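Here's what TrEMBL has on this protein:
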type    : residues             : note
BINDING : Ser30, Lys37, Ser106 : CoA binding site
DOMAIN  : 1-171                : domain '3-hydroxyacyl-CoA dehydrogenase NAD binding'
DOMAIN  : 173-270              : domain '3-hydroxyacyl-CoA dehydrogenase C-terminal'
SITE    : His127               : site 'Important for catalytic activity'
Amino acid sequence: QVAAASGHTVVLVDQSDEILKKSTKGIEESLKRVTKKKFADKPEAGAEFIKKTLKNLTTSTDAASVVHSTDLVIEAIVENLEVKNELFKTLDKFAPEHTIFASNTSSLQITKMANATTRQDRFGGLHFFNPVPMMKLVEVIKTPMTSQKTFESLVDFSKAVGKSPVSCKDTPGFIVNRLLVPYMMEAVRLFERGDASKEDIDVAMKLGAGYPMGPFELLDYVGLDTSKYIIDGWHALEPNNPLFAPSPLLNKLVEEKKLGKKTGEGFYKYK
């Protein structure tokens with residue numbers, strides 16, 4: 001959406017036409033919300049903006065067949081290294097030599113993905129934040145093999161879509177999640193020890209630190225399964241780091257399929 005809205009030609013690829021229809025509809029709805037604010041007193045200009053943006057967007061279920069005419073590939077599929085590497089391996093065969101590959105992963109090593117391809121120097125991370133149309137930040141990740149030219153292109157692209165890029169090495173969690181995930185886990189441990197209730201911890205962080213959501217609200221919003229997946233991955237990398245220690249309570253909730261907002265119950269219940 002943000003790429004198409006900033007004048008880029010975009011091909012959105014997913015597994016089925018059904019998913020793509022849903023995605024396109026979602027983008028259309030999101031654009032309507034954006035234009036309501038942006039073109040409040042100019043509805044015609046708003047309608048034109050939506051039309052123009054959607055014109056920049058086509059869809060496909062066959063990534064290999066559309067990648068031959070792209071300059072940049074941004075992968076945002078399931079957080080599973082094997083599945084990502086499989087995709088990158090395939091695309092590497094069909095993409096032009098100049099095409100830059102980027103992953104939107106929040107927790108996996110970019111270097112490991114780059115190594116699945118023959119373009120390690122044209123590979124980096126572009127980590128956007130949810131919801132992308134609203135959030136201004138993009139973390140641009142440079143691996144030891146990423147060329148300066150590639151890195152600069154990724155920074156320029158981030159600015160071109162109206163975002164504020166920050167740069168980070170290929171380290172677990174980059175900047176935001178490296179600080180945010182241990183913070184959320186510490187909140188769970190504080191609650192597990194019985195030091196404070198989850199409600200009071202949430203209120204304390206909202207009113208005392210000015211955070212828009214408390215840690216438990218945020219965990220439910222992100223998805224407890226996603227948070228567990230990240231912390232388990234980091235724990236495997238650094239088993240002696242106490243910040244990455246797993247939480248029995250989090251594990252129990254995930255086992256019970258209480259994954260947060262998306263399942264109607266996590267640390268809190270949702271109607």
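Numbers run from 1 along the shown chain.
Cβ coordinates are placed from backbone N, Cα and C, and glycine is handled just like the others.
TrEMBL: automatically predicted annotations, no manual curation.
Projection of TrEMBL feature records onto the structure.
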residue: Ser30; record: CoA binding site; contacts (Cβ under 8 Å, 6+ apart): Gln1, Pro133
residue: Lys37; record: CoA binding site; contacts (Cβ under 8 Å, 6+ apart): none
residue: Ser106; record: CoA binding site; contacts (Cβ under 8 Å, 6+ apart): Glu79, His127, Gly173, Phe174, Asn177, Ile230
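Within 10 Å of the C-beta atom of His127 (site 'Important for catalytic activity') sit 24 other C-beta atoms, taking all shown protein chains into account. Those residues noted as binding CoA (Ser30, Lys37, Ser106) have their most widely separated CA atoms at a distance of 30 Å. Using DSSP to sort the residues of the domain '3-hydroxyacyl-CoA dehydrogenase C-terminal' (173-270) gives these counts of helix, strand and coil: 65 helix, 3 strand, 30 coil.
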